[in-house]
Amino acid sequence: MSPQIDAVILAGGMARRMGGNDKGLVELNDQPMIKHAIDRIKPQVKQILINANRNQNRYAEFGYPVLSDEDSGYLGPLAGMITAMGQTQADYLLVVPCDCPLLPTDLVQRMLAAITAEDAEMAVASDGKREQPVVLLMKPALRGSMKAFLDAGERKIDFWYAKHHCVVCDFSDQPNAFVNVNTPEQKQQLSEAIAH
């Protein structure tokens, strides 16, 4: 029997480099950024959760549960992951950011295969040059470990997953899959790339 997999799309940040605009709701080619991520992920998972700390009503319009961080204060992606891990009953939780509109359509399949092959606790995606710390497939049972890490004042996801049996899943055959949008300039470049 294949494992049940849920996903959380992280849209809980402050988006300082986007002038404070809520990145998930910024339009890219006539669609909110998060809609691109939803469309890529939806066929790959059982349920989608959205982690958002503002504009929750707008995010709820996409038809998925919207979760705010358990700990207020914009503690970063780890806080959103911890919240989602506490809400899922799935065997695995896929984590993706809201500002990656070109996510692989075989993301779950390949990450799950990598975990199975290595008997690992989680997988992190790589574009062939660097790991993508907010593109993870992991067991929700790791929530306690992640919460202890965050409670100790730590914030860097890669430091946390380095403490666990984490396999790197290579997507160098799709080098643009994890291109994300942090600035208006990047948004323009990506918009042009998608249009062609």
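Any Cβ shown, glycine's included, is placed from N, Cα and C.
Annotated features, as they stand in Swiss-Prot:
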- LEU10, ALA11, GLY12, LYS23, ASN51, ASP69, ASP99: GTP binding site (BINDING)
- ASP99: Mg(2+) binding site (BINDING)
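Packing around LEU10 (GTP binding site) is summarised by its Cβ count: 28 other Cβ atoms lie within 10 angstroms of its Cβ, all protein chains included. Secondary structure at LEU10 (GTP binding site), taken from DSSP and collapsed to helix, strand or coil, is strand. There are 27 other Cβ atoms within 10 Å of the Cβ belonging to ASN51 (GTP binding site).
With all protein chains in the displayed structure included, the most crowded Cβ environment within 10 Å among the binding-site residues LYS23, ASP69 is that of LYS23. Secondary structure at ASP69 (GTP binding site), taken from DSSP and collapsed to helix, strand or coil, is coil.
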